[in-house]
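As given in TrEMBL:
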BINDING   N70, Y73, E74, C127, T162, N212, R217, G228, I229, K230  Mo-molybdopterin binding site
DOMAIN    88-246  domain 'Oxidoreductase molybdopterin-binding'
Amino acid sequence: MSLYRPPRIPASQITPEHCFLARRSFLAAAAGGALLASGMPASAEALKASKSPYAVDEALTPEKDVTSYNNFYEFGMGKGDPIANSEKFKPTPWTVKVDGLVGKPKEFGLEELMALPLEERVYRMRCVEAWSMVIPWIGFPLSALLDKVEPLGDARYVAFETVVRPEEMPGQSGYFQSLPWPYVEGLRLDEARHPLTILSVGVYGKTLPNQNGAPIRLVVPWKYGFKGIKSIVKITLTDKQPPSTWNLAAPNEYGFYANVNPEVDHPRWSQASENRIGEGGFFGANRRPTLPFNGYAEEVAGLYSGMDLRANY
Ligand code: MTE
């Protein structure tokens, strides 16, 4: 049974986690680099990134909403759980292993990935639960990483895997297991190589907070948010369609493709419109129509020409 529910609480009523944020920034200001050296959770560090032409012309979702209204079941199932329960998570040191059907498999240190040219991409993001945000991600095209490992001719898909650390991720242990771990996702190789597909290492000018998928997560703006797998440790090139966590959990509700499609409803709610998180107003005032491919149809519709997008949802 799916754990997803359509949102019932207007964004304007989400309680901001002021105490938490204030405490984190106090720690960062007081201890600075000492925290990193001592192996405690790295607080946000400023990142240099060039502005990308890939930027939507819409108001940014406030940073406090981007970092306090999250889905990250490794830290709990509630929207406020990731910020509340991820303090112990250590995003450094970190490596990402890239293997499978490639000429040059390699385990990359985070530093090497952060040294790639970083861009700020302001993307419209749409969650399958019918809410949306506009987020200034910082990252690099996934294709830049794939080029380094030289995919072989028979590679057709890319599989992704999240870290498993029950001692730091309370949602991965205990009696109530919400999902099977590790969280896994996949893309077709041409989707993975599309210039809009990025690996993000930061948001709002700083390194990613734990709750947003530190230290490195996938961002695919024309697909529902669950494709954006967080805290990635492994990327495997393969010739078979990889499993994806929500498709395994509820195959009739969540497909492999998960392209944003206002014409194909979720079995339990409509996908025709969305609630823009962080915009004020009384309930319903911030609802807007959902766009095909989340507004990126011009760039990506060609990837699916000839495909039945109702069957391949
Ligand atoms: N990745 C992992 N490992 N675990 C998760 O539970 N949730 C997904 C996705 N990536 C999830 C995940 C879902 S459902 C969404 S909508 C996005 O992360 C939310 O990303 P955000 O919290 O940074 O907005």
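Using N, Cα and C of the backbone, Cβ positions are placed for all residues, glycine too.
Shown here: features listed in TrEMBL, placed on the structure.
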{"residue": "N70", "record": "Mo-molybdopterin binding site", "Cβ neighbours (10 Å)": "23"}
{"residue": "E74", "record": "Mo-molybdopterin binding site", "Cβ neighbours (10 Å)": "28"}
{"residue": "T162", "record": "Mo-molybdopterin binding site", "Cβ neighbours (10 Å)": "24"}
{"residue": "R217", "record": "Mo-molybdopterin binding site", "Cβ neighbours (10 Å)": "23"}
{"residue": "I229", "record": "Mo-molybdopterin binding site", "Cβ neighbours (10 Å)": "24"}
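The binding-site residues near ligand 1, defined by a Cβ under 6 Å from one of its atoms, are N70, T162, I229, chosen from N70, T162, R217, I229. For the domain 'Oxidoreductase molybdopterin-binding' (88-246), the mean pLDDT of the prediction comes to 97. Between the two most distant C-alpha atoms of the annotated Mo-molybdopterin binders (N70, Y73, E74, C127, T162, N212, R217, G228, I229, K230) there are 19 Å.
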